[in-house]
Amino acid sequence: MATCLFLLGLFLLLPRPVPAPCYTATRSECKQKHKFVPGVWMAGEGMDVTTLRRSGSFPVNTQRFLRPDRTCTLCKNSLMRDATQRLPVAITHWRPHSSHCQRNVAAAKVHSTEGVAREAAANINNDWRVGLDVNPRPEANMRASVAGSHSKVANFAAEKTYQDQYNFNSDTVECRMYSFRLVQKPPLHLDFKKALRALPRNFNSSTEHAYHRLISSYGTHFITAVDLGGRISVLTALRTCQLTLNGLTADEVGDCLNVEAQVSIGAQASVSSEYKACEEKKKQHKMATSFHQTYRERHVEVLGGPLDSTHDLLFGNQATPEQFSTWTASLPSNPGLVDYSLEPLHTLLEEQNPKREALRQAISHYIMSRARWQNCSRPCRSGQHKSSHDSCQCECQDSKVTNQDCCPRQRGLAHLVVSNFRAEHLWGDYTTATDAYLKVFFGGQEFRTGVVWNNNNPRWTDKMDFENVLLSTGGPLRVQVWDADYGWDDDLLGSCDRSPHSGFHEVTCELNHGRVKFSYHAKCLPHLTGGTCLEYAPQGLLGDPPGNRSGAVW
């Protein structure tokens with residue numbers, strides 16, 4: 001008896017079972033005009049895996065909700081006050097999530113266009129390649145990117161990379177509201193059936209256009225399982241070398257962007273220690289505005305809610321905790337596609353249908369023709385070398401002048417070379433011709449030529465490499481002409497001072513007796529320009545704008 005009472009007590013302590021949200025409804029219930037569960041059309045919709053864009057066409061019929069016996073499945077939506085809603089026969093395992101939204105901004109650092117595409121494709125939960133011939137076998141020193149390679153965010157990153165040297169900072173907020181998936185053999189949409197019937201029996205060069213027309217309408221894959229809710233994704237492009245010249249790093253700016261995003265959605269107070277640290281950094285670097293206003297080259301995507309897809313809820317002018325709350329409150333009735341699983345379109349055909357294999361080949365061919373290739377054999381610029389960690393990346397030796405990203409550490413730096421020295425009509429001795437030599441000074445360095453004996457019109461073949469100097473503050477470029485005697489009593493015949501500027505210059509200086517001529521070449525370091533190399537100069541990748549394998553590469 002005591003044992004029974006003990007077991008009864010344990011049973012009463014157990015949590016009450018949560019009722020299943022969906023049930024089989026009677027015919028009379030099914031006749032009532034209930035709405036479908038939110039976002040139900042996204043499962044079964046087509047998608048192009050190279051662009052990650054939904055096609056807007058539906059190979060699967062997600063509108064049918066009545067079974068042959070006229071019953072249906074109805075669900076209680078706890079996120080919409082237990083509203084009763086229909087579930088199509090093509091959908092199963094529908095569940096609302098109780099966690100709603102967490103006010104947290106996830107941050108990530110990305111260093112290449114390929115990395116941006118990879119991040120975009122990370123929302124695919126399964127292996128989309130299964131059953132397709134899409135595993136690139138690139139030639140030596142080539143790297144392929146397929147999924148997401150033509151997505152909007154990857155195109156944004158590619159265009160930036162061809163303008164300048166960039167790092168990318170990603171800030172993301174996600175909310176998950178619902179999840180569901182297609183049944184094992186979902187009913188096909190009538191229009192898709194018609195499109196399949198119109199396809200030629202085989203895929204070859206003469207039928208390629210017909211198959212690609214279907215792919216352009218429906219995509220390469222269809223969505224089989226979804227997590228719906230909302231996502232705000234902001235990718236900020238940061239000019240790597242401009243940051244270095246401003247005394248900042250991409251990590252420092254990225255961290256402060258994340259702090260400002262946290263404040264904008266109410267996840268962090270503006271009195272937090274992190275926020276105060278970023279405010280102090282702004283003062284140190286004399287920034288007049290916020291980090292997100294200073295660094296505003298960005299790509300924004302907002303999924304879910306009634307707002308426009310480019311409305312920036314993290315860094316926009318109206319980005320406030322109240323605006324974020326309004327957006328999250330709209331997600332139960334207007335969810336977006338957060339995560340998903342994909343299957344190739346050809347798997348919807350019966351295995352014995354010969355067009356199944358033809359469509360598989362067509363999809364594989366289309367995807368591979370869209371692959372973007374990174375040319376890792378592309379030569380590095382002068383002074384750079386291939387990274388030991390990544391053969392596709394170039395880097396520099398860390399030094400006082402440049403960092404490992406090959407960025408100059410300060411403005412005004414140039415490589416200075418002085419050469420082509422000659423003099424005319426010198427007069428250094430009374431009884432013989434001049435025994436002339438030169439001294440050349442700049443930035444605390446001194447070079448000296450050899451003596452040209454007994455010649456009033458001497459030439460020197462010396463090439464004086466001052467290497468990397470501060471052009472604007474190194475002082476004048478000074479060339480002195482001397483007449484050699486015994487060393488202690490050498491005579492200074494004249495001096496020539498010039499303030500060097502970038503470019504190639506020929507100089508003629510008049511002396512008391514005769515003249516001296518020379519030339520100098522001052523080449524601004526990469527990412528610097530202007531007369532004294534004080535201005536910033538964007539410097540992108542070598543070659544043409546991004547394209548596919550038949551054109552340019554990343």
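For all residues, glycine too, the Cβ spot is worked out from N, Cα and C.
Sequence annotations record features per position, and here Swiss-Prot assigns Ca(2+) 3 binding site to D429, D435, D483, A484, D485 based on experimental evidence. What Swiss-Prot records for D485, W488, D490 is Ca(2+) 5 binding site. The annotation Ca(2+) 4 binding site is assigned in Swiss-Prot to D485, D489, D491. Here Swiss-Prot flags C22-C75, C30-C72, C101-C175, C241-C407, C376-C392, C380-C394, C396-C406, C496-C509, C524-C533 as disulfide bond, drawing on experimental evidence. According to Swiss-Prot, the transmembrane segment annotation covers 128-148, 256-278, on the basis of a curator's inference.
Under the three-state DSSP scheme, C30 (disulfide bond) falls in the helix class. For C396 (disulfide bond), the spatially nearest entry among the recorded positions D429, D490, D491, C524 is C524, judged by CA separation. A straight line from the CA of A484 (Ca(2+) 3 binding site) to the CA of C241 (disulfide bond) spans 48 Å.
Taking the mean position of the Cβ atoms of D429, D435, D483, A484, D485 as the Ca(2+) 3 site, the remaining residues of that chain whose Cβ falls within 8 Å of it are G428, T434, A436, V451, W482, D490, D491. One way to see the shell of the Ca(2+) 4 site is to take the Cβ centroid of D485, D489, D491; the remaining same-chain residues with a Cβ within 8 Å of it are D483, A484, Y486, W488, D490. Residues within less than 8 Å, Cβ to Cβ, of C496 (disulfide bond) and separated from it by at least 6 positions along the same chain comprise R478, V479, Q480, V507, C509, L511, V516. Put simply, D435 (Ca(2+) 3 binding site) is 109 Å from C72 (disulfide bond) when counted between their Cα atoms.
On a Cα basis, D485 (Ca(2+) 3 binding site) lies 86 Å away from C175 (disulfide bond). Neighbour counts of Cβ atoms within 10 Å were compared for the disulfide-bonded residues C376, C509, C524, and the top value is held by C524. In sequence order, D491 are the recorded positions from C394, C406, D491, C533 with a C-alpha within 10 Å of the C-alpha of D485 (Ca(2+) 3 binding site). Checking the recorded positions (C101, C406, D483) against D490 (Ca(2+) 5 binding site) with a 10 Å Cα-Cα cut-off leaves D483.
When the recorded positions D429, D483, C533 are compared by Cα distance to C376 (disulfide bond), the shortest distance belongs to C533. If you measure from the Cα atom of D429 (Ca(2+) 3 binding site) to that of C407 (disulfide bond), you get 51 Å.
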